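Among the features that TrEMBL reports, domain 'Major facilitator superfamily (MFS) profile' is placed at 7-387. What TrEMBL lists as transmembrane segment is 50-69, 76-96, 102-125, 137-160, 166-186, 210-231, 243-263, 275-292, 298-320, 332-351, 363-386.
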Amino acid sequence: MAQNHPSMKLILLGGFLALIVSMGLGRFFYTPMLPLMQDGMSFSDATGGWIAGINLLGYSLGAIWVSMVKTPSIRWWLNIAGLFLCTGGTFLSGAFDNEIALTIVRFFTGLGSAFVMILSLAFAIEGLDEQQRIRASGIVIAGVGIGLALSGGLTLILKTTLSWQSLWYLGGFICLLMTICAILWLPRPAENHISNNHQTSTAWWKNKPFVLFFTAYFFGGAGYSVSATFLVDLIQGASDLSWLGDSAWIIVGLAAAPSSWLWGRAAARFGGHKTLMTAYVLLGLGVILPVFSAELLFVFLSAFLFGATFSSVVGMSMTVGSHMIPHASTQTMGVLTIAFGLGQMISPIIAGESTRILGGYDGALLMAGAACALGLIFTVMSYASLNRQKKAIT
């Protein structure tokens, strides 16, 4: 039966708002809020790392769940559940003043973030060809960057007038408004698409280029997650730059917002794998720059490079990966999100513990830079393996 879908502009706007809810606020509001919560609740960087890690455990489990679901109607309701988990989790993050309750809330927020990240993006770009997907995914994923800038802006402007609890409540209210719009504007998947989604669950691990790409994306998650969790706290810990923390997070968001579209154009021209290689180099550079200097210019450059690359690595990896195993975009995105989620879950826990042991973030940032380098190496290997595979077929 034919369905009356919203216009393409409203569909992309719905996906854009969904990613603000799931990632920009649901996931990343924690970063500028972390120093305020540490002051209010008196917990350490190590505890902050564990809370972030449990949030990302929820994200990983959510990705596994989505990857196993093939029925379009169930995927639709999972996406709606994810939007409300992110909204409720954002609101409830301000309702508790002990670490255990907060950790539980952040776990379920992470679960919802994975549902929405995978499914809203898949619904928005479903039915488009490869070039259209690259452009459309860039627009949708810009929601992550705008959400980051929004979270940093809210914290910067209102932290002196609102308590950290009230800031979470405000974020939850904004999420609710955007959730309603996303549900109205994202198209419900047609039931007759179900037959296209059986291949990934049985064949992805037999595809060597994809397995190498999966591994690269795992290291990409590990590489980006340290800055994504601790950047504001890291900057505010530098006495001469403590005023810059929230501003740097806004720079990250503003750099991230157009980056997916710009990187998407580059990928359309030069190919996804080659463009990803460049992005990994710049991401790694952005991650490790604060190790070498805490000068203002280096901090701004680090924030800009990090923002300009991390969401694009996500978007391009999702798009490239979905075309490595045809006709199974949702399952492929789920499998890749598992890899990314595992990497980003482990990384902040190790980083938080290393700051406790070493007394600073340098070791954690160097580890994250090494992970980005491994992401680059495995992307090169995946590209080479894919070319060999194509030559063998021809």
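These residue numbers are counts, starting from 1, taken along the chain as shown.
A Cβ is built for glycine as well, from the same backbone N, Cα and C atoms used for every other residue.
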Feature contact check the transmembrane segment (102-125) with the transmembrane segment (50-69), CB under 8 Å, 3 or more pairs: yes
Within-chain partners of the transmembrane segment (76-96) [C-beta distance under 8 Å, separation at least 6 from its ends]: 18, 21-22, 25-26, 29-30, 33, 62, 65-66, 69, 102, 105-106, 108-109, 111-116, 119-120, 123, 164-169, 171-173, 175-176, 179, 182-183, 186, 188-189
Dominant neighbour of the transmembrane segment (210-231) in 243-263, 275-292, 332-351, by Cβ pairs under 8 Å: 332-351
Chain residues outside the transmembrane segment (102-125) and at least six past its termini with a C-beta under 8 angstroms from it: 11-12, 14-15, 18-19, 21-23, 26-27, 30, 37, 41, 50-52, 54-63, 65-66, 75-76, 78-79, 81-86, 88-90, 92-93, 95-96, 132-133, 136-137, 140-141, 182, 186-189, 318, 329-330, 333-334, 337, 341
